[in-house]
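The structure appears below as structure tokens.
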Amino acid sequence: MQIQFHLYNTLSRTKEVFNPQDQANVKMYVCGPTVYYNPHIGNSRSGVVYDLLYRIVIKIFGEKAVKYVRNITDVDDKIIDRAALLGVTIDELTDKVTKEFHKNMAYLGCMLPSIEPKATKHIDVMIAIIERLIAKDHAYIADNHVYFDVLSAPNYTELSNRNLEEMFEGVHVENSKTKKNPQDFVLWKPAKQNESANMNFESPWGLGRPGWHIECSAMSYKYLGENFDIHGGGADLIFPHHTNEIAQSRCAFPSSTYAKYWVHNGFLTVNGEKMSKSLGNFITVRDLMDKQIQGEVVRLFLLSSHYRRPLDYNDKAIEDAKKTLNYWYRAIENINVQKIDLPHDFMQSLLDDMNTPLAVKIINDYAKGVFISKTEEERQLNASAIITCANFIGLMNKTPNEWFNSGVDELYVNELVNKRLEAKKQKNWLLADQIRNQLLEEKIILEDRPDGTTIWRKE
């Protein structure tokens, strides 16, 4: 039976059955980071959401049939400004932040994309597309800039579903006096005086660099062609970035529809407020790593809400995710779990526009099943379902022992446990209680067994 994957398409504003142009060559493009600052937890939501989408598409069509491109934006005004602020070179900054991004994605359990192109390596493709746009009267040169003529693009507002005046209301428009229309956006900008040479490139319009929007059009065209299946990114990219991508790509290649399905994940707030440096609530993934919050906890938190809905980061949400994972790991403890076929109800939840809250509930139900099972066979079946489902969404990649004792000095704990056992033999109950309380303060829980032994676990 043909698997039907329903995916919400921002372009049509409906859930559609995902039907790629070629089932043997499924193409997916996701906007990656601009590498000027360590990625924050909002960026990480996008990484995890599209990692899950990639896993689902692979499950349906096979790994060899799917090409996933996620770019690195390493040419941008923000990069120039931050490098100058830090007193480092452009390359030093972009290399450092790119490496940090890769560490963050590994920490969150994200698979590598098929291709990860850098904008600076594709300037020639950008120039070629800009030349096509000029030749077709969709772009023009003014004051050493190349601009895209927004009014020349059919259906410019299709993705955002707003009229042109609404879209630009309150938006700061640069160089409005030199443009044909205030809404026109830059395709190529000239180099500024005293600017770093490695952030500017030779072009038919002089030394300069590309605008942001042309970069993704060029890299998606290079690796996926004029038409591809999925384009993903955060909801904040719908306008202007994705709107402008569609306009310039369709105008450069008139027979192209560009991306067929547009997928956008919702915003992430911190304690109910928009994340910003001025509010002091700007949280990077590195901050979470330094707090020794396990990556699986953050990943489950990011999957706990439907990807299109807003998600609020707070201590309780992280603690809830940790408790859930503890529950799942406890459920499979001391059981010989085996990989089984993905349960039908679990897979159906993901095929319904990646309904991860329902998927998580189903895993919880299997965990409950372990604890109420009346036979060992039932326990094993439920535990095997837990690990199979959790692994599919990128979770539970450790043994229960590794999970509960992560970051613990086992030698130190075992020494104290043995010291406590000796104290109990000597009926030194005061010392035994002191050791238990000391370990409890360090979030180590002791469990005395009827046979006289003591086992321990991290809280």
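Backbone N, Cα and C define each Cβ position, glycine as well.
Of the residues Cys110, Cys216, Swiss-Prot puts just one in the Zn(2+) site with Cys31, His241, Glu245: Cys216. Swiss-Prot tags one of the stretches 33-43, 187-197, 308-318, 440-450 as motif ''HIGH' region', and that stretch is 33-43. Annotated range for motif ''KMSKS' region' in Swiss-Prot, selecting from 44-48, 274-278, 319-323, 434-438: 274-278. The record gives Cys31, Cys216, His241, Glu245 for Zn(2+). Within 8 Å of the mean position of their Cβ atoms, the other Cβ atoms in that chain belong to Trp212, His213, Glu215, Ser217, His231, Gly233, Leu237, His242, Asn244. Cα separation, Glu245 (Zn(2+) binding site) to Lys277 (ATP binding site), rounded: 29 Å. In three-state terms derived from DSSP, Lys277 (ATP binding site) belongs to neither a helical nor a strand segment and is classed as coil.
In the structure shown, across all protein chains, Cys216 is the one of the binding-site residues Cys31, Cys216 with the greatest number of other Cβ atoms within 10 Å.
In the three-state DSSP scheme, Cys31 (Zn(2+) binding site) falls into the coil class.
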